[in-house]
Structures are given as structure tokens and as C-alpha cells.
Amino acid sequence: MERVFAFPVFANAAFTGPVLGPVMGGFIAQSKSVSWRWVEWATLIMSGLVFGAVVLFQPETYPPVLLRWKAQHLRSITGDSRYVAEVELLGDTLGQRLQKALYRPFLLTFSEPIIVLVALYLTVIYIVLFTFLDGYDFIFGEIHGTSQGITGLCFLGIAVGLFGASALVPIIYKWAKRDLKKIEQDGKGDRLPPEFRLWFSMLGGSWAIPLSLFWMGWTSYPSISMWSPLAASVVFGYGILCVFISSYQYIIDSYEIYAASALASVTLIRYVAAGGMVVVGIPFYQNVGVHWTCTILGCISLLLAPVPYLFYFYGERIRKRSKFAVGLKPPA
């Protein structure tokens, strides 16, 4: 239940950073007062502050480690050596634990149908995302004649959409409490099925992406106010965050103790496959044009829009084929 509130906060931070980057970088790059190197210095300073905060204030949450600490504490205060955590009984060395942590993501990649399907889905979504972001220089810089700094400032439209997606949290939380209460009353357990996490995407999130791309592509003309593509970017921000929250929470709930390895697998696949679009997207816009590039991306994302619904209705069946995933039936 806590993740209904906690994960959207993390997701907002994960996406707000890349959105704020062009805002700062654009003004630094065009400034005559500071060197372009301050783009790197700003990145170093901010990432250093975040790293320090994590090291100092982030508590341990991995259950096997917490149980080991608890067992050690009980042994120290009671002198009873029978208090032993399961992870201690395994007796794995540091090298063995590192080996498992390194190979498990690859094992899941080739053996888990949910991992493969979610990774493929997110890979295509991120291809759309990275190509879309390349278009800002063409849409706002070339068509509307904005400076480098103002073009970067236009990314704030996405940030507005990101925070707009957070408005769904109270609604989803209310539904979560209702469904969990029903599950407990029916004696079917004490946790929500992973498919419940897909509601963020199903509440317009997956459809907002193609809508925003068609909107931006066919209103990006000098004769049309730049506020129109800016409004489209708000819708895009809403959609991309909803899809991210749903996909990641679905993986976390499906794999629980193996969630870190599952997420590592999905993240590696999507960035290796989609990262190159940052470079490919520029000649794409140059040769095809803004209007048709956004249209092609919109058509691709439109084909993917039903995917969260397919996971919702068939996810349990897919998870039954897994050796690692949790199997529960989604609420009616």
C-alpha cells in the first residue's frame, strides 16, 4: 500500500531531472558569462548532493538483510546462538553474493516471460520518448524561432504533465484500500495482485502518448501559437509517467524479493536498445520532417496503447509460467 504513494514520488524525481537538465543547460550554453563546462559542474554538484543524501538518510529495506541484523541483535542481547536468519544459513561469501547479483538479471531476461514482454514494451516506449525529445530544437527552435535557453525552458511542459499524473495517486489509493479489504474479507490473502498497478496506464496514460504526438506534430506550424505544442507536451508528460509507474510497479509486485534483478534486466534492455535513438532522432527529423516524424511515433505508440489492458487481463496466466513471479488473480 505504501508504494501507491512512494513510487510516484520516486518516478517524478526520475523524470523531472532529465526535464530540468535542458532548462539549465540551454541557458548555460548560450551564456557569455560562464563556460559551457558549467553544464558538467552543475551535473556533478547536483548528483553529489543526491548521492550524499542517499548515503546518509536512505534506510536499508532488503528483507534478508533486515532479518540478519535482527538475528545479530537478538544474539547480542540474549547470548542465544539459536537466533539465525535464513540468509545466514546459506553461508554465501561476498563473492558468491556478487556473482548471484550479477548473473540473475541475465537469467531473468532469458527465462521470464513477464520480463521479456515488459522490456519489449518499455523499449519501444523509450524509443518514442528519446526521439520525441530530439524534436524540441526543430519544433521550438526552428519553427518558432526560440533561443537555446527558451527551447530548454519548453521542457517544463513535460514537468507539468509529470506532476499532473500524481493527481491520480489519491484515486488509486482509494481503490487499493477497497480492493485489499475485499481480498482480506474473501480470505484470498493480504496483498493486492500485481495487475492492480496497471491502473495508472489504464486511466488514460497509455493513450495520452499517441494523442500528444499527433497533437504536437500537426500543430507545429509558424502560424499556430507555440502554446499548442507546449500543451501537447503536458499530455505527453502525463502519459509517459503513468506508463513508467505502472510498468515498474508491476515488475516489483510480480517479483518481490527478486525485484531489483528484474528491474535491472528491464532497464538494461530498454536503454541498450533505445539509447541510440538520441542520435538517430536528429536525422529522422531533418529528413522526414517534424509533422511526419511525430505522426510515425504517434502510430507506433497507438499500437502499444492496449498493452496495459492485455497485461491486466492475461498477466496472471503469464505469471503462472514463471519460476520467480508471484501468482495472484486480479480483482474483477
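Note: Cβ is positioned from N, Cα and C throughout, glycine not excepted.
For reference, TrEMBL has these:
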type	residues	note
TRANSMEM	40-58	transmembrane segment
TRANSMEM	106-129	transmembrane segment
TRANSMEM	149-175	transmembrane segment
TRANSMEM	196-218	transmembrane segment
TRANSMEM	224-245	transmembrane segment
TRANSMEM	257-284	transmembrane segment
TRANSMEM	290-314	transmembrane segment
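Spatially, the transmembrane segment (224-245) is adjacent to the transmembrane segment (149-175); three or more Cβ-Cβ distances between them are under 8 Å for residues at least 6 apart in sequence. If you count C-beta pairs under 8 angstroms between the transmembrane segment (106-129) and each of 40-58, 149-175, 196-218, 257-284, 290-314, the highest count goes to 257-284.
When Cβ-Cβ distances under 8 Å to the transmembrane segment (196-218) are tallied for each of 149-175, 257-284, 290-314, the top count falls to 290-314. With a cut-off of 8 Å between Cβ atoms, the residues of this chain six or more beyond the transmembrane segment (149-175) that come close are 1, 4-5, 8, 12, 15-16, 19-20, 22-27, 29-30, 136-137, 140-141, 196, 199-200, 203, 205, 226, 230-242, 245.
If you look at the transmembrane segment (40-58), the same-chain residues 6 or more away from its ends with a CB under 8 A from one of its CBs are 21, 24-25, 28.
Non-local neighbours of the transmembrane segment (290-314) in the same chain are 117-118, 121, 124-125, 127-128, 131-132, 135, 138-139, 143, 195, 198, 201-202, 205-207, 209-211, 213-214, 216-218, 220, 243, 246, 250, 281, 284, 330; each lies 6+ residues outside the stretch with a CB under 8 Å from one of its CB atoms.
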